[in-house]
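Feature annotations, reproduced from TrEMBL:
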BINDING   29, 32, 48, 51  Zn(2+) binding site
DOMAIN    25-280  domain 'CoA carboxyltransferase N-terminal'
ZN_FING   29-51  zinc finger
Ligand SMILES: [Zn+2]
């Protein structure tokens, strides 16, 4: 017998009265719970005015933050995924792709664009976590590879903004091949002396960390980002030990020598420009 039984049945609160404020007007920081105006939040590059929590944002927001007057040309915008393995989980893979396209308005988990940042040319590939967890499948690898080709051909610096749960399981081995493909392309970029900066954002894990995200001339991150290869639970169970505090945070990873620096998103554009100025 349960310790508590509800006497009155059917007590329901309509969804609209559960909300504390109308949608789209206020943003509540998930870290410190402070509410702020969405416009103010946007002006602060989607960081909290109180605790500086960096909200997860997608390619659209990064393009708006980094390209001058938000003017850019998207490359390979229409590339979308096939179904090499006839993969089915709770849905058929092509159905999942189509449903995600419809929900997010995106064609896959990365977008690449060419434009100007503080008057200098740059190619940016930015990942979208909202598209199947930012997972790296063939399209992600191919778009990044083509972005690097474009940067090579036009001798323009390349910026990769990673945000990923790792390889896309629906493409299995085809996903893992993307690690080799993008790494080989980046080697060509390095040979040609064209700068490559990798920005790791919250979260960057799995095969992405094990390939292009850690191959920058500079590997940088946003504050508080989760960066790792395997998740903490898997590691804990494998090594049979508790993990140190803050394990896999950008700050921890920096302290252990895997990052060059952490950059506040509000300073990102100018920091990137001065870094590229140094590398040129
Ligand atoms: Zn906050």
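Keep in mind that glycine also has a Cβ here, set from the backbone N, Cα and C atoms.
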Notebook entry, point to check: If H, G and I count as helix, E and B as strand, and all else as coil, what does DSSP give for residue 51 (Zn(2+) binding site)?
Noted result: coil
Next item on the list: Identify all same-chain residues not among 29, 32, 48, 51 whose C-beta atom falls within 8 angstroms of the centroid of the Zn(2+) site's C-beta atoms; report them in sequence order.
Entry: 30, 31, 33, 34, 49, 50, 52, 53
Notebook entry, point to check: Which number gives the other C-beta atoms within 10 angstroms of the C-beta of residue 51 (Zn(2+) binding site), all protein chains shown included?
Noted result: 12
Margin query: As a test of reading the model: what is the averaged pLDDT for the zinc finger (29-51)?
Written below: 96
